[in-house]
Amino acid sequence: MGAYFRSGFYFVTHWLCVIYCLGGINCFPCNHLGLKADDVVQNVAVLRTARFKRSAEHPRLSFSVYMDPSFTGLPNDSEIRSLIVDPALKFFEKALYLRSPPVTLANLDRSCKKGINGSLQLAKGTNSFCALDCEEVTHCGPVSIPPEHLNGCKLPSDIYDHNETESPMNTGSFLLYLAAKRTKKCTKAGILGYSSHCQREINTDSHSDHLRDLSQLDYFVRHEVLHILGFSPSLYAFFRDVNGTPLTPRRPKSGIPALGWLNSARGIYKWSERVIRTKVRDWPSALGTFQRKIHMVVTPTVLRFAREYFSCPHLEGVELENQGGVGVSLSHWEMRILGNELMTATYTNVFRLSNLTLAFLEDTGWYLPNYSLAEHLAWGAKRGCVFSTASCYSYMLDQLAREADIAPFCLTPQDKPLGDLFVCTPGRRSFGYCNLIQMARKSNATDSHPMYTYFGNTSRLKYQGRAIPHDYFGKVDLADFCPFVQEVTWSDPNGASSRSSYCGDPRSSKALTNLNNYNLEVYGPNSICLSIAPNWILLGKKSTAYKAPVRGAGCYKYRCSHKEGGLIMELAGGLQILCPAGVPTTLVNISICLRESGLTVLGHFHCPECTSYCSTAVCFSRNSSKSPVARPYLRNGTMLSQSPVFLQPCGGNTLAFMVEAIIFVLTFNSIKFCF
């Protein structure tokens with residue numbers, strides 16, 4: 001993708017090239033590297049000077065898309081464009097307004113020979129030029145920009161002619177270029193794709209470049225667009241306040257940041273402490289207290305939302321990622337505290353675009369977000385100052401001392417291979433395993449550092465009263481090796497992903513049939529995770545018993561009904577569970593015949609607290625209080641005679657001699673974490 005962005009408040013020239021790497025790769029972190037400094041054309045001219053003036057009606061962000069021949073040559077280019085790219089761009093067009101009307105959109109400037117370009121401040125505005133000559137072809141990364149998208153070649157003799165800029169060739173705030181190539185960058189770090197900015201206009205400074213990879217194309221596109229919009233170290237030094245004043249000091253003549261380079265090779269200028277502040281904090285682990293350098297966003301809107309979100313009124317800032325090296329650190333939120341937020345550096349659990357990221361975009365000085373479009377993020381919500389500032393070791397000890405849960409972290413070690421007992425993730429949008437696993441330690445590996453050792457004989461963290469071996473870590477290094485409940489995917493015999501543990505995954509509805517839906521699950525947009533007692537058993541004829549392939553948790557549809565008196569959980573086959581208020585731990589007994597397989601399902605559901613999903617008026621309605629049912633109950637819904645399930649054991653199944661029965665394990669296809 002390439003992009004121009006011009007706002008009258010902040011004129012931003014974006015040419016963003018998004019490269020989709022040919023070949024299938026998933027489960028890798030994002031690497032936001034961007035272009036070299038010499039590849040970025042600075043100080044691109046505008047057709048009229050941007051004025052920092054508020055408008056009563058702020059225009060929406062808008063995109064124009066150009067597809068490179070390498071992209072249109074893909075066999076599924078139309079599907080990627082219509083199902084992934086266009087919906088993502090339309091979302092951001094609804095979510096973001098420009099601070100003031102956009103200026104007239106000009107074309108891109110041509111690249112200069114040897115990268116030598118200049119600019120001059122004139123009475124009518126700023127004009128840029130090539131000191132030697134222009135290149136015949138202008139690139140952004142590996143993609144050639146079409147000639148019709150370029151201005152004419154401007155040399156020193158042309159600098160006083162401010163009218164030479166060509167007529168604009170599109171009407172969007174951003175011009176995005178899509179390409180699909182097998183480049184050298186695609187071979188590094190398991191990259192799925194990347195994006196880069198190639199030109200930046202002097203009056204407003206915006207947007208950006210970055211490189212990354214991801215396991216889901218939808219996540220990749222949305223994540224990359226957010227890098228373009230401002231979440232990039234190459235842009236932090238160009239942020240402005242609400243009045244249009246740069247947050248980082250500028251050089252008077254050139255307008256570039258005055259603090260020098262942070263990384264000249266990557267075109268990253270130093271930013272002021274009004275944007276990101278560096279601090280050293282104590283970091284307790286099982287082996288002592290260490291010193292840890294952190295970088296935190298301290299802009300005003302981010303601070304306001306973060307203090308409320310974490311319930312930490314004196315929070316100094318929100319940490320950026322410190323693991324992963326160049327392209328990962330400083331380019332994303334710290335995963336330990338924000339987990340599955342869209343702008344953390346790797347896809348593990350289903351992503352959520354939170355108010356914090358929208359607040360970050362507002363603090364660039366270029367946008368006014370529509371916060372009503374933010375998604376609910378459960379990870380770390382209301383977990384306090386210890387969670388948001390200290391190590392997960394400190395947080396878990398603090399919670400256990402207060403006899404409180406340690407979510408979003410966990411303490412259940414996993415043996416190899418992975419077991420079959422799942423738990424719900426924070427927010428109940430999915431289920432997964434506690435990713436606390438044994439890891440081989442290498443002397444030069446990050447996990448060998450004692451600051452990330454949370455277990456062992458010296459640790460005060462135990463599992464069922466026993467010490468957890470010292471070589472057990474949370475699987476994901478970007479989360480500082482803190483263990484958390486992580487979603488899984490199932491693959492078919494060919495290795496392709498067939499379903500996941502995300503309750504909204506439409507693939508799971510297709511994968512589960514009347515024959516193999518042993519947990520009576522219902523997947524869809526209104527489904528949540530519900531705990532299942534671990535003794536869930538499938539009983540066949542002659543007292544043959546089986547363990548279900550998935551135990552401990554499953555996905556079920558829910559609705560709130562004032563008429564029916566509370567939270568209604570819907571199971572497969574039309575079965576329903578009524579969950580009135582005040583019964584969060586009550587078990588609902590299950591004894592059901594799966595007609596097609598001839599198996600009897602025996603087990604228990606944990607009814608969730610009604611007020612967690614429905615209004616108080618619904619949960620404590622008159623219908624609920626007058627109900628003769630004092631606890632949750634199971635009932636048939638609309639499907640009776642034709643239902644694939646039946647509210648009693650199957651004929652021939654019996655619990656007699658169950659104690660002596662051999663327990664067999666039914667399995668689906670292979671399960672894997674996505675890292």
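Glycine is no exception: its Cβ is also placed from the backbone N, Cα and C atoms.
Note: TrEMBL annotation is automatic and uncurated.
According to TrEMBL, the residue from His139, His314, His332 that belongs to the Zn(2+) site alongside His223, His227 is His332. Here the Cβ of His223 (Zn(2+) binding site) has 28 other Cβ atoms within 10 Å, regardless of which shown protein chain they belong to. When secondary structure is read from DSSP and collapsed to three states, Glu224 (active site) falls in the helix class. His332 (Zn(2+) binding site) is 11 Å away from Glu224 (active site) when you measure Cα to Cα.
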